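> Straight from TrEMBL, here's the annotation block:
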DOMAIN    17-305  domain 'Aromatic amino acid beta-eliminating lyase/threonine aldolase'
REPEAT    538-572  repeat 'PPR'
REPEAT    573-607  repeat 'PPR'
REPEAT    643-677  repeat 'PPR'
REPEAT    678-712  repeat 'PPR'
REPEAT    713-747  repeat 'PPR'
REPEAT    748-782  repeat 'PPR'
REPEAT    784-818  repeat 'PPR'
REPEAT    854-888  repeat 'PPR'
Amino acid sequence: MLGDNKIEIKMVMRTVDLRSDTVTRPTDAMREAMGSAEVDDDVLGYDPTARRLEEEIAKMMGKEAALFVPSGTMGNLICVTVHCDVRGSEVILGDNCHIHVYENGGISTIGGVHPKTIKNEEDGTMDLGAIEAAIRDPKGSTFYPSTRLICLENTHANSGGRCLSVEYTDRVGEIAKRHGLKLHIDGARLFNASIALGVPVHRLVQAADSVSVCLSKGLGAPIGSVVVGSQSFIEKAKTLRKTLGGGMRQIGVLCAAALVALQENLPKLQFDHKKTKLLAEGLNQMKGIRVNVAAVETNMIFMDMEDGSKLTAEKLRKSLAEHGILVIPENSSRIRMVIHHQITTSDVHYTLSCFKDKPYLSYQTPGRRKTRTAFVPKSKKKKTKLLMTSSNLLVEAHFLHIPKQAILSNGFRLVNWKKETVSRCGSSLCIDHVADLSERASELHNNNKVKPPRMVVFSSDGPITENKQDANNNILHSLCSYGKLTDACKLVEVMARHNQLPHFPSCTNLVRGLARIDQTDKAMCILKIMVMSGGVPDTITYNMVIGNLCKKGDLRSALSLLEDMSLSGTSPDVITYNTLIRFMCDNGNAEDAVEFWKNQLRSGCPPYMITFTVLVELVCRYCGSGRAIKVVEDMAVEGCYPDIVTYNSLVNFNCRRGTLEDVALVIKHILSHGVELNTVTYNTLLHSLCSHGYWDEVDEILSIMYETSCTPTVITYNILINGLCKAGMLSRAIDFFYQMLEQGCSPDIVTYNTVLGAMSKEGMVNEAMVLLALLRKTRCCSPGLITYNSVIDGLARKGMMEKALALYNQMVEDGVCPDDITRRSLIYGFCRANLVEEASQVLKETSNRGNGIRGSTYRLVVQGLCKKGEMEMAVQVVEIMLTSGCKPDERIYTAIVKGVEEMGMGSEAGELRKKLRQWKLLREV
């Protein structure tokens, strides 16, 4: 019994650090690896851990060699200086890239390299034509610096972490190769780009001569970057690293942490991206701020204050810091947020809740975002809105009250797209810039009340000059940027009729935008114009249109577009073939899909193993395992040989379908062809057998694994332990758990939670406490909310409330925030132990925090208080219940009435009867 002990619920001070992904702390596994790292003198070239890291990174990047450097800035400086080995050489790079903006001009001050900047587009790219135009003519080397290098940044930080596609990088590489230049990629967050694009990292940098990749950003290592390139390049880089003071001795302690980061945190990047998207979508629903959600591709968010808002970035930063949310203002109206692996989904929801609590930021329902700007009183709102783009040749007249005879500047036309008519204009109204246009619009509005439909003004026909083509391309870029896709389509068609060449990147963005909104016909029309103009649309653009055609069920047009794609010089990729094959199979044409893939192989298509795997799995789904195996054999004749991944997909599919006879057929085929089963195959089989309760077969599979030296992994043990716990075979599950420890296989948090949950349900709370203590000592993982809730619930069910309360306080001290399930377990435990006062106190604390409590929990506390005669406390609990919006049921009223009757007719009873009448009246209302 607790006696007079009081429950003190401790509040956890929460910090959500969104300043950068460089603020991560080394994990326990990293610290352990650093402490036990094998080291030697790296300057002499003998540190074994450094060598292992460099070899691993070089292999991942598909390059010959790699070199560890202290920072990304030094890595970029080394790469640029090695390529530009003659002082006064020139490098072409973006005007908003990290090397040019944030690295202190080191390439000039130290390397003697002259930067030639080109405007970065919103997606971080540079115009390919501008890159080629910036390359110096070698004949002018007497007067100009010699161009030797082109630099790209992937992901592009100042563009919000946007990814550069493989196609774009390859085309820049082709330009560099054509002119005898080198290509360097600043890949500080290259792994984020790889995950976001779904492209292997070595393919992303295939065209590059050198790459620098950071280990201390998304990967979460404490220090360091790595540069990769050819063997001769790295030898020169090593000399320059020593010159710059970057040669360190026993760097194995740092490289060990980086190796752990590659193993543990690289797979977590995809979850960082999902959390970033979740945060961006939530922030975009707040009034007064805006986030371009479509531009959020990786782990970075740029949040802008609305125009006319009194809220500044610095004011918002200070306000968020009061709640433990740390951000960095980019300027007076923009804040940057970066997600990393130590930011949880709970942290994201907490951040959004802090925004919702602000008096100047109100949450709005998705899809109903108001256009009115925050902080501007209604009386000062403008009823009309002027939208202007970069060119004075464009007027988006949603609101302009221009009369039918309005005269615009000489040489321009007024086009009414709704009526599809063109009217010639004179020259009495001259539009020089936005201010003039705004003033003229006001004058016309005062003189005439006629409101025309939407209009666009563009260059007239006649002798087509380069200037007019450039002007129209500026308009096209603006229309695409503002999402005015319909007007952009019309403008491209007009330019094509007048033999003007539309801007290729703008057309690409236009086609992709049309594909996203299912305007497939228009997208195909623009694609044809691009090809007729001499352009070569990239694979991603074609894939989006082919995907839309398949969604609409138009297979003939999709195959026709695939043929056009090949004729235009664009190579289909895995996504192209997978989309078409999946569509054919899903529509009952599996045999046609097989023939289609055979024809593609015969015509020289690379034997993409992913496509082959998808085809085999779909044939298995629709035609059975026998036909799928026959397809495997037929494809081998065509030169497309299956690997274990293909077979694993067949095993997995049949296991999920529960057809174990087909599983046996596939396994027999695998073994007959001399393919060795791997751990994934065995895990799939074990999962299926555990689900069906075939434990003898499970033992047989395990013995085969040991005989073939296929060591069980954490996933293997998780499958076994989870299956045994579900089947009620807890003792055997515990045996597997300790066998896992004996073999040096560290259980993950899922394993611990499964065993602890089963122990708590079976009443083995003492064993659960021992296992929890073991978990708290391990460095590979730490107990979380689910872990503590399982053990606290088990203790409460057993009536061991002193231990439950101690574990609750230990949970808070460990930085784990209790939730309503935790408190509900305590309340039930206190009530069962007849400690209703303590239960009432926990209930009050929970209600004060705004946490939801079920009506059954309130009823349990009220009934316990009434039995003990604590009527005043019972009344307080009911009032808490009413305040929280939870309606008492009849059993609560019955308990209160019975308790009042037992008190007699005293003054206290009279007050309680009065309260009771008020509650009944409130309930009736």
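Heads up, the Cβ atoms here are built off N, Cα and C, so glycines get one too.
Tell me what's around each of these sites.
The list of residues near the repeat 'PPR' (538-572) in space but at least 6 beyond its ends in sequence, with Cβ under 8 angstroms from a Cβ of it, reads 165, 167-168, 508, 511-512, 515-516, 518, 520, 523-524, 527, 531, 579-580, 582-584, 587, 605.
Residue counts for the repeat 'PPR' (573-607) by DSSP state, with H, G and I taken as helix and E and B as strand, are 26 helix, 0 strand, 9 coil.
Residues 609, 612-613, 616-617, 620-621, 624-626, 628-629, 632, 684-685, 687-688, 692, 708, 710 of the same chain lie 6+ residues outside the repeat 'PPR' (643-677) yet bring a C-beta within less than 8 angstroms of a C-beta in it.
Summarising model confidence by region, the repeat 'PPR' (678-712) averages a pLDDT of 80.
Through the fold, the repeat 'PPR' (713-747) approaches residues 679, 682-683, 686-687, 690-691, 693, 695, 698, 705, 754-755, 757-759, 762, 764, 767, 778, 780-781 of its own chain, all at least 6 residues removed from its boundaries and within a Cβ separation under 8 Å.
Long-range contacts of the repeat 'PPR' (748-782) within its own chain (CB-CB distance under 8 A, at least 6 residues past either end) are made by residues 28-29, 31-32, 714, 717-718, 721-722, 725, 730, 733-734, 737, 740, 790-791, 793-795, 797-798, 800, 803, 807, 814.
Taking DSSP states H, G and I as helix and E and B as strand, the repeat 'PPR' (784-818) has 27 helix, 0 strand, 8 coil.
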> Tally of helix, strand and coil residues over the repeat 'PPR' (538-572) according to DSSP?
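Counts, helix then strand then coil: 26 helix, 0 strand, 9 coil.
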> For the repeat 'PPR' (748-782), DSSP counts of helix, strand and coil?
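Counts, helix then strand then coil: 26 helix, 0 strand, 9 coil.
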